[in-house]
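Here's what TrEMBL has on this protein:
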type	residues	note
ACT_SITE	His379	active site, proton donor
BINDING	His379, Asn380, Ser381, Thr382, His383, Asp420, Asp549, Gln601	AMP binding site
BINDING	His383, His419, Asp420, Asp549	Zn(2+) 1 binding site
BINDING	Asp420	Zn(2+) 2 binding site
DOMAIN	147-187	domain 'PAS'
DOMAIN	295-643	domain 'PDEase'
Amino acid sequence: MRFHADQLQVLLVFVKDDSQCKGFRKACEKAGFKYTVAPEVQTVLTCFLAANHDIIIIDHRNPQQLDALTLCRSIRATQLSENTVIVGVVRRRDGEESVMPLIHAGFTRRYVENPSLQACYVELLQLEFGEVRSQLKLRACNSVFTALEKSHDAIKITGEDNYIQYVNPAFETTVGYASGELLGKELAKMPLNEKKADFFSTINSCTKMGKAEKIMDSVHSDAPTVASQRRHSSLARIHSMTIEAPITKVINIISAAQENSSLPVMEALDRVLEILRSSELYSPQFEAKEGDPHTKDLIGGLMSDGFRRLSGNEYTLSTKNLHQISGSLLTSESLHNIPPRIAEAMENDDDWDFNVFELETATQKRLWKPTTTPPNPYHNSTHAAHVLRATAYFLCQERIKQALDSVDQAAALIAAAVHDLDHPGRTNLFLCNAGSPLAVLYNDCAVLESHHAALAFQLTAREDKSNIFKNVERNDFRTLRQAIIDMVLATEMTRHFEHINKFVNSVVKPLAELEESEGSESNSCDVDTMLRSPENRTLIKRMMIKCADVSNPCRPLEQCIEWAARISEEYFSQTEEEKKLDLTVAMPAFDRNTCSIPKSQISFIDYFVTDMYHAWDDFVDLQELLQHLDNNFKYWKGLDEMKLRGIRPPPEPK
């Protein structure tokens, strides 16, 4: 194991490039260290988070110009600084009383000012072979123990005397004891639960066996087609997704245990997996006893929301009414008599790269007409048109057409159009912190999404000529209405990862496993049945509108940049209003004067978009979108690196 970095990185925080700063710069060059000079306090934290320097040297000689103690505390507040060495440069006349404030602030050591090259060079060498090397060892140990903690295999570490020094969570589960009960004791003298130990041993062996079998299969099989290569790699990526929820881990353990089980056990575990993949794990499915009308009425009247339940909380619509409803939603308005300029802007509207900004210009921003004043930079009708277009594009894909019926499609298009209706240009957290009427009305829960859906139906009921549902029968309208509301509420971000996990575990993984088997006729029927179940159709629709809602990073670069600028402007405005109203700032990074748009985009793509779009691509097969996503991510990363190095970025593409 290597306990040294290839090239140590040093961050020099000096307001002025004086002789002391120059001494450390030359010493870094002599020692072969990579260094960065940060003359502005507001850039220090951003610079450190981007490069994770091994050493930070902060000028503490003039507290009026640079508050080194506060800056050090800010750096120490970040998780990355745990193994960073921070040095404070003090004046010669500063006595020993300056030591304790430095220690309390988080400094590792102090350096009494001496600008000579030799003194600075010796200081850096002492740091390299002292504190830095120790911190690198600690960092390596932390990485090892993090890997052990996350390992699914049971692991223990004992000393030469066989006394236990460490056990990971998997080992605790295996033997049935907590770590506190095991540390310092001999395992041989502990009464273990043999059945539990055997069970987890079987799971580990099954997992390893499965991996070995797949490796052997790939060695002995004939050259696979491009499609099969992609299918195998997709399945591997699905199973390695990092957004595992606790229920996901349970499902994976059961799936592994199935591989080495008898047929009756396998069938029983299949049923268990089917239940675990349902949407409502804790909602019982009541069935009143025959001849007990009172219980039946009580269950129906008190515990039902008026929809006929098929299973879990999914709603069904009689197939005989599908064509009738889709026909009754059609309007008599014609799109033939539109101005030529708008018609030209609408050409190629079935192309993913369709530019909605050209349509916005052609309509002279009439798309922006809001009920709020002034119009929002981002959450306006142009965004609604953008999401509607993305949803329509997804609906044209073969996999989606295989899964969704015409009513699903109508619900999806309506939900996309209204999903941000009457958006105030502020986040849910802002509205809750401000105690807005909407937050009070909706009890601080999915405030905006509830408002968008409610207002959409209020508007349709306001005038007969705008009521697109007026020809739909009451029961069918309630089913359609529920589908629209469910999709709009799915755009609320607090349940983002929950929606992705449900989609991956209930749709993508089972589908991939079915398609891994031979393509028999019965297998094809199984795929259709799985895709068209009410539960899975709901999950597909939720995932579809979520991907459409945040599709900006998957667009051509010039569109991606424009959307990034618009959402940033909206967040800047919110931050300014929060400060003006003395509210808690929901997103401090979005300060107009200090925000790095490239960093915000990198974080958004990394945290929210990448895994979701890979899961969506595994289901729908949209390589073009992933290519845009990859290109745009590289653009933002490159732009960020150029800014950190002080290189003037190239002009934005037109």
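Glycine too: its Cβ is placed from the backbone N, Cα and C atoms.
Here the features listed in TrEMBL are placed on the structure.
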residue	record	contacts (Cβ under 8 Å, 6+ apart)
His379	active site, proton donor	Asp420, His423, Gly425, Glu570
His383	AMP binding site	Asp420
His419	Zn(2+) 1 binding site	Ala384, Val387, Glu449, His452, Met487, Val488, Thr491, Ile545, Asp549
Gln601	AMP binding site	Pro553, Ala564, Asn632, Trp636
Suppose we draw a 10 Å sphere around the Cβ of Asp420 (AMP binding site). How many other Cβ atoms does it contain, all chains included? 22
For Ser381 (AMP binding site), what is the tally of other C-beta atoms lying within 10 angstroms of its C-beta? 22
Local confidence of the prediction over the domain 'PAS' (147-187), expressed as mean pLDDT: 80
Treating G and I as helix alongside H, and B as strand alongside E, what does DSSP give for the domain 'PAS' (147-187) in helix, strand and coil? 16 helix, 9 strand, 16 coil
Beyond the listed site residues His383, His419, Asp420, Asp549, identify every same-chain residue whose Cβ lies within 8 Å of the center of their Cβ atoms for the Zn(2+) 1 site. His379, Ala384, Val387, Ala416, His423, Thr491
